[in-house]
Every structure is written in C-alpha cells, then in structure tokens.
Amino acid sequence: MMKLRQRWLLGLIILVPSLWLSILFIAMRGGGGGFRLESEEEQINLAKIHRKVSADYSLNSDESKESSEAEREKNRRAGLPKDSTLYFVPQEHPKVPYIKVKDRRKFEALFRDFPSSYELPELTENDFLVRFREPQKRNKIWEKFHQGINRYEMYSYNDSELIETYMNYLGHTKILRAREKSGGTQVKLFLVFIDGGEALMKPWRVPRDYETLPDHYYFADIERHTAEIAFFHLDRILDFRRTPPITGRIFNMTSEFYQRSDKSLGRSFFRSPANNLCFMTNCDQHCSSSETPVCGNPDRIEGSLAAFLPPEKSAKRKSWTHPFKRSYSKREKASWESDPSYCKRVVMKEHPYNSGRRLLDIIDLSILDFLSGNQDRHSYNTFHMFGNFSTIIHLDHGRAFGRYQTDEMSCLVPLIQCCVIRQSTYKRLQILQRNEYKLGDVMRESLSTDLIAPVLYEPHYDALNRRLDIILVEIQKCLAAADLLEDVLKSEPSIEDYNEPEPPKEDHHNEPKIKKNTGEEEQKEIKNNVNDDFDF
C-alpha cells in the first residue's frame, strides 16, 4: 500500500513541472496568440507604439521645418483620440506618407491667372440676402459675410481677405455656449461665440486613412469632419462659391463644451474606462453612448466648424428634393438608376429644371459629389426670397471623401443623362486638368493652411485627378453625340430671360412634380425608409 502511494507522489512530482514547462513553451512559440517575455528595451518600444495615435498624420521630415509649424503639428496630434470608438473601424491602416506643402504656388497661380469662370450681372438691392439699416456699423466678420450673400454666390471670387479672416475667426474665437443640434442622423453641436457669431460643429469620428467599407450603404456611412472642410475648399476651387466657409479646430471638451453646455448636453458627458472625456447627442446613427461615444484625448478633440447662414426668420430657406435622389433602400433602386432617359424624359420637362439656372446648378453639384464621392445627396436648399432663379446652397457633406480607391459613377448620372453643362464650368475643369493648375495639387495647397492640416489622406488627391479625367471624358461623349456645341455647353442664363410660370390652380406650391418633401418631412422619410428597410 505504501509503495503505491510513493509511486503516485513520484509521478505527480515529475508530471507537474513537465506540464508547466510545456505550457510555457507553447505560449512563447504562439507569438501574438499568447504572451512572450520582452526585454526592457522591447517593453519601452512597445509602450511607445501603444501611445501612438491610430492614424499617423505626420508630414515628411524636413530639417528646416519652422517651429510654428512643428508646434501646430504637435497641438494637432494632441487633439486626436487614440482610436476610433466606432466598432467597424480597423485599428491598423496601410500608411501612405503625406506630401509636405512648401508653398501654395499652384493655388495662387490659379486665382491670379484666371478671373472668375462667369461674370455676374450688375447686382441690385433686391439681389442681396441681408440688408442692414446701418451696414457701416456691422463690422463683425460674420456680419460682413452675411452682407455679401446674394442671388448668385455666397462670397465674391478670390475674396481671400474675407475668407481667411472668417476661417481664423472660426478657429480661434472664444465659445460662449454649446448645445446639441437637433435633427439629422449623426452627432452635431451648435456653438455660439462670444460676439454672437454661430457655427455648426462636427466631431472627429474616424482616422483620416479610414476608407468606407465596401459592404456599407451610403445611408449608414459615418460622417467625417475632414470631408466638410475639404468640400468647402473644392467648391471654392471649382469657382462655384455655394458652400459657407468651413474650417477645422482643436477643442478642449472640458472648457469649450462641458462648461459651456446647456443641461441637456451637459448630462450626456461621462468618463470612459480609459479616463477620456466623452459625450453623445440624440441622433439616429452611431449615437450610442456605450458603443460609439465621441471621446477626447483625454479631453481634446478635432472637429469641423461651419459658418452659420443668416437666421431663418430673416433669410427663409426652401428645401427641395433632389431630382436624382437615391432610394435610401437596400432592396429598391430609384427610377433614374434603371432608366437612362430619365433626365430628358422627366427632369428636363419639369419646372424649375426646364428653364433658368436650376438644372445647371444640379449638374455642377453632381460634379462636386462625384469628385468627392458623396452619395448622400437627397435634397438641396435655396433662399426663398430669390424665387426659383437663384443659386442652390451646398450644405451637409460629411459623407464625402469616404473612398479613394473606387469611383462612384452614379454620382455623375445627372451629367451623363442630361448631357448639359455650364460653359464656364467646362472651362474651369479643363484648367484644373493642366499640370500647372492640377486639381489634386491645388487642393492639397489650399487645405495646407487649415488648423488641422493635413486634412485629407494623400490618396484622395490622386482620386481627384483621376475623377476629373473621367468627367471630361463624359463631356466629350456628350459633345460627340450632339449636333451643336451649344446643345451641351450652356451660357449663363439671364434673369431677364427667365419667366416664373404660374402655379396650377389645384396646386399653389411652385415645386417640381418629381417629389414634394421638404425640411423635416424629408428627414423623416429618409429615416423611415432606412429603419424599415433594415427591419428583417
């Protein structure tokens, strides 16, 4: 009996160390699957890697880099969270080095060598949106911007002083109040500055090198603050000037949001497990405080700031359903997606697209959307006081610049089907194809002065050049098929030649028959379509 116990004891003494050594050996061989012992030097390097921001936004090294630029880069890095809080964003991304902008030679040459693509008619008092009783006393920069808005443009061509001053104002002015912006699908904040100016803020959500996943629908894509900034610059470079100024800024979430917030927004702030300050607003997509919060590092974050237009009561807007609106459904397609004759058979026969400037504005917008890859264009706005002969307003571009490897040809359908374009737009595109004014280079230089530069991931600039070539090829196809150049290349419509048709007796709303949803109704329809479509 004693011998049997001794044998068991001897077996355990031999077996336990053997098992322990085997487990240790397997763990060390397993690499990333288990653990391995690092040297002190490796542990230090590993700690440095873990402290890096998820996306590397550094510019190419340059020994002669100015201290001010280095300081700006340091501050910008400090304003980035370590990782996105969105579950579908991969933690590692392929890196493409950014090209350092040494000067703005091509950008300056573009605006120096070429006047505006189209000449404005002589403006009358009725062509301006805002008319102050004593305009000479309105010296705030946002008041000057409001005074310049007219029937044809948001601001004058090459008005660098106004734009740069306003961008600096948005990027540095002290914030007085902050509250959540109601409506819409994703996180936005409404900010009021110390002098009464207002702006719309969209926060950092994903790294710059994040590319929208192939299986994600356009109506479920995340909004990017960098897309808002880049779209404004692209709109200006193409000489449309229909987007309000938008700039980047690094915010202190404690002093500029939390301490300035109303009760509703203030209650949404909390500390994450990583001890970062986070918040969330009431919205429809990616708006879970437990799964997709907006978090700082630890309380600093990047965001975009869009200049506010004059108040609705003094500058009433009218919302129109886009004639080439998508279905916002994963099971159905819009009519224009399956009918190549949709534009000429339907759109060009409906008011206001059958006369005036509206159809040409839609074509311009489709070019912008194609260049930026923005599929989320369900509506657009105009100023009510100008009637139907006025420029459209380019707003809400957060889902642009999501892909740089693929080109979304559906964005260009208005041009392809209608086969008309402003002659001035065509000339501008031809200029931007030339090497000395290359669109991608001009965009990079234009964005280089933003407070959170570099704004776009480098491959987006190559995508802009590639897509510009595609647009010009499609225009050439239209020209080849037309009997006359004038059938495709249109001169600027004149308000003197435009006649507002009388509304039919049974319908006193002078809107196109294509669709009649506006404002909140438009947002509710899109929300219902998306929610119903995903209710299996």
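Placed from the backbone N, Cα and C atoms, the Cβ positions cover glycine too.
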Joining Q186, E223, A306, A307, F308, L309, D396 at the ATP site recorded in TrEMBL, out of K174, K202, K325, is K202
Taking every pair from Q186, K202, E223, A306, A307, F308, L309, D396, which the record gives as binding ATP, the longest CA to CA distance in angstrom is 21
Rounded Cα distance in angstrom between F308 (ATP binding site) and D376 (active site) is 21
Students should find that the Cα atoms of L309 (ATP binding site) and D376 (active site) sit apart, in Å rounded to an integer, by 21
Between the C-alpha atoms of Q186 (ATP binding site) and D376 (active site), the distance in angstrom, to the nearest integer, is 13
Around the Cβ of D396 (ATP binding site), other Cβ atoms found within 10 Å total 23
One finds that other Cβ atoms within 10 Å of the Cβ of K202 (ATP binding site) number exactly 27
Cβ-Cβ distance under 8 Å, sequence separation of 6 or more, same chain as A306 (ATP binding site); the residues meeting this, in order, are A199, L200, M201, K202, E228, F232, P244, P245, I246
